[in-house]
Amino acid sequence: MPSALAFVLLVLNISLLKGQSPPGKPEIHKCRSPDKETFTCWWNPGTDGGLPTNYSLTYSKEGEKTTYECPDYKTSGPNSCFFSKQYTSIWKIYIITVNATNQMGSSSSDPLYVDVTYIVEPEPPRNLTLEVKQLKDKKTYLWVKWSPPTITDVKTGWFTMEYEIRLKPEEAEEWEIHFTGHQTQFKVFDLYPGQKYLVQTRCKPDHGYWSRWSQESSVEMPNDFTLKDTTVWIIVAILSAVICLIMVWAVALKGYSMMTCIFPPVPGPKIKGFDTHLLEKGKSEELLSALGCQDFPPTSDCEDLLVEFLEVDDNEDERLMPSHSKEYPGQGVKPTHLDPDSDSGHGSYDSHSLLSEKCEEPQAYPPTLHIPEITEKPENPEANIPPTVDPQSTNPNFHVDAPKSSTWPLLPGQHMPRSPYHSVADVCKLAGSPVNTLDSFLDKAEENVLKLSKALETGEEEVAEQKGAKSFPSDKQNTPWPLLQEKSPTVYVKPPDYVEIHKVNKDGVLSLFPKQRENNQTEKPGVPETSKEYAKVSGITDNNILVLVPDSRAQNTALLEESAKKAPPSFEADQSEKDLASFTATSSNRRLQLGRLDYLDPTCFMHSFH
């Protein structure tokens, strides 16, 4: 035994020294079936060990213990085994192994499980055809057609094949692949005209592998730049050139830049016929003449007017001395109508809805009346003597000759002279002064009004003599009236009784009652028996001027009657009071006739106190 073992080891050592060894492990490459009826398997042999090596393929079917050897080693080439229809079963799984054997030993590959249904790899499609066609709109395309592999039964439905094509320009490197599905034709659009294209195709069953690419087929795309396209491009070029020429011509003609033509500035507002160059040069006269204007329109200084009125001129004949007859004062006065077409506004005073804008022109202020000192004493020491007035004291300005007033239109016979007292502050000052001074002021204003009225009448001297004879009796030469008449125009005459403001109700109505004076002393007024509200407050101006409007004609008449009853019965004042009462009655009549007015002109009040 030991000698035999030693001999074997000696042989092995000799073999190793010569470079011989057992074969290497072979590897099965793939198994493919072209039509599910036959299939072929290929392997890669290992090292042979320096000795001749024999390769064999054995297989067994799933569920069987019998091992089979490859039926055909020659049909499919070296290192392959072909299974014909006789040895192929599509519903069986094959377990395939490759064995390598030489003198030094043997080796086997890893087993491969094969299902003929999933190892199908068909042959490439055949009859590949390329055609260039043209649509109705003269657009060209490439039409590719092919046929299925020959050994594949596609018509009976035994196989369902899918196809792919690829193409590229002849000089390109990358292929453009298109999947066509189950179709055996395909249209390729948008190919470059004048280029030569190479096309190939392949197929694959439902459960298998892609076949090899077919042989290359080539086609050259025609140059489809037709005459129609050339004409279109020529027209486009001509139009572009014309547009460019028009733009250049417009820029050169107008002298504007290209940017101004493309992006014109936003135009500003303009007045038709308005020359901005004249305005910039400051030539206003030329600008106005271009606009058709002679000069700048006159500016108005009536912005501070409280109310806009219709301007009405007073008739000068309405300020005449009223008649001393027993008839109602003012009945004998017949005003003279002015021209209705004059600028005074009498032409439209019958319209109660028409108002004109008033813009008063500056009026000359009436002369301020001053009361001189009376140094002579009357013969009757008990008579009322007007007190000495301080020349530095402020006396009211009586605006007795104002020719205009702004109010609603009235009838010619209803125009009234304006009262000289309009300022509440001045009235309060007069009320606080002695009674004789206040009486002198009032008498003086009333006589001035009478004198102006007398001067307007024709035959002024005759009328003055008649009125003097009626006013002053000849048997009373020792009264103060002749003395005051000779001294100055400021004659002391006891005026009619005046009224005081008793209260102002919520509606702005003043309650007035007569003020009693006896023995040159002002008595405190008592509560009147019946207070008659006859005036309303129409408004208060900026100078604290209270604007009064007569409420009714009957109330004023009643107040005049009460004042006449309470007047003292002295003979010296009878004639003067008759004259003044006649004037007051005339004024009252004028005021009563204005009962329809709703307001007075505040601007007229303001002028009398300047």
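The backbone N, Cα and C atoms fix where each Cβ goes, glycine too.
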Would you mind telling me which of 207-227, 270-290, 501-521, 564-584 Swiss-Prot tags as region 'Disordered'?
564-584
What is the number of other Cβ atoms found within 10 Å of the Cβ of Asn54 (N-linked glycosylation site)?
11
Determine the Cβ neighbour count for Asn99 (N-linked glycosylation site): the number of other Cβ atoms within 10 Å of its Cβ.
16
When you rank Asn54, Asn99, Asn127 by Cα distance to Asp206 (Zn(2+) binding site), which of the glycosylation sites ends up on top as the closest?
Asn127
How many other Cβ atoms are found within 10 Å of the Cβ atom of His207 (Zn(2+) binding site), counting all protein chains shown?
12
Nearest to Asn127 (N-linked glycosylation site) by Cα distance: which of the recorded positions Asn54, Asn99, His207 is it?
His207
To the nearest whole angstrom, what is the C-alpha distance linking Asn99 (N-linked glycosylation site) and Asn54 (N-linked glycosylation site)?
8
